[in-house]
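Taken straight from TrEMBL:
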type: REPEAT; residues: 83-124; note: repeat 'WD'
type: REPEAT; residues: 125-167; note: repeat 'WD'
type: REPEAT; residues: 168-209; note: repeat 'WD'
type: REPEAT; residues: 210-251; note: repeat 'WD'
type: REPEAT; residues: 252-293; note: repeat 'WD'
type: REPEAT; residues: 294-335; note: repeat 'WD'
type: REPEAT; residues: 336-377; note: repeat 'WD'
type: REPEAT; residues: 378-409; note: repeat 'WD'
type: SIGNAL; residues: 1-17; note: signal peptide
Amino acid sequence: LFITFFFKGIILEYVQGGEPKTRSIDLLNLRPDTDAIALVEEIQKGEPLITASCKEHVIHLVRRLQEKLGEKEDHKFYLFKVLRAHILPLTNVAFNKSGSCFITGSYDRTCKVWDTASGEELRTLEGHRNVVYAIAFNNPYGDKIATGSFDKTCKLWSTETGKCYHTFRGHSAEIVCLSFNLQSTVVATGSMDTTAKLWDIEKGEEIVTLSGHSAEIIALSFNTTGDRIITGSFDQTVAVWDVGTGRMLHTLIGHRGEISSAQFNWDCSLIVTGSMDKTCMLWNAMTGTHIATLTGHSDEILDVCFDYAGQRIATASADGSARIYNAETKKCIAKLEGHGGEISKICFNPKGNHILTASSDKTARLWDAATGHCLQILEGHTDEIFSCAFNYKGDIIITGSKDNTCRIW
């Protein structure tokens, strides 16, 4: 049994009949004063995988989570380093889980690996013959990196050595999005050729092609258990697929504009989608039925996300504002106003109490997720910021800009 802990949940990985399986247990109601022993005993009743021998370990992990939840927050970010990362504009930035290193993709056809603490370049991943557009670590492990390129291939690399394990070929157009499953057995690629493909990380082979969209796929996301994946397309639909068979289970129809982003919540029960039609929609992940349409933005929605607990949804729009909605009541609980240009990226810190936005006004902003108050403006980039991320602890931020630099805060 392998146990992975996230904010607000546990993932159990085990082998049954020779097949790797996963199960998730949510801890959405965990508070600093919850009785950890009683909680684990309660979980044990419904979860035979947590045996007496690993009970102590689980209690220890729950207590560590409680410590994190109880930490006081008056953290101010300051500029730590400016990295002149690439000779051509960046496309993306991403942290490994601990935040000890991060990666940048670029129009210069490379992906670079950086040490967060020193700001030093650790290695350059070279080999693509066109723009490196999509990049990812296989978090929570972080020992592998996937890069997707306009050269129609995806490459799998060793984080440690920079060696290229596999080059995945098969797409007939640019790869624009990719993702690992949490179990780190599969990498998915989405392409302008209207298909997504699932690749076996160990064997380096294609598992299946997901065909069914009538236009480019520009967003994809696995659920935490790794048995489902969603793809968002310019055809205005999101498809839900069975990872094991490659079968399309549902098509989420309702948006009247191209899909910009799509994501599962942590317990795999909900899907949120954002669209160029200025709305965000909430769907039942099991049945594919439409639950609610979240309105209020006056321009295209460019990014959407859940917090780790799946209790709040954040939307970023070309109208220069962001909004926070309660996932249960579907009501808008806060408007984040102050940016002077479109917001292309939005994310919650791991704790879920702060939000980070990246804008074309050359700034990133930090917000209070409960009130919508702006806590801090991260200034200094000389061109639009299109990427931003927190590390797992939530005490480091990276921003990537069209000014060819990356900043560590």
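The count begins at 1 with the first shown residue.
Just so it is clear, glycine is given a Cβ too, placed from its N, Cα and C backbone atoms.
Automated prediction, rather than curation, is the source of TrEMBL annotations.
Using a cut-off of 8 Å between Cβ atoms, the repeat 'WD' (83-124) and the repeat 'WD' (252-293) share fewer than three residue pairs, counting only pairs 6 or more apart in sequence.
Counting residue by residue with DSSP, the repeat 'WD' (125-167) contains 0 helix, 22 strand, 21 coil. DSSP places the residues of the repeat 'WD' (378-409) in helix, strand and coil in these numbers: 0 helix, 16 strand, 16 coil. Through the fold, the repeat 'WD' (210-251) approaches residues 6, 9, 11, 22-24, 173, 176-183, 185-186, 188, 190-198, 257-264, 266-268, 271, 273, 275, 277, 283, 285, 287-288 of its own chain, all at least 6 residues removed from its boundaries and within a Cβ separation under 8 Å.
Residues in the repeat 'WD' (210-251) partition by DSSP class (helix H, G, I; strand E, B; coil) as 0 helix, 22 strand, 20 coil. Mapped onto DSSP classes, the repeat 'WD' (294-335) shows 0 helix, 22 strand, 20 coil.
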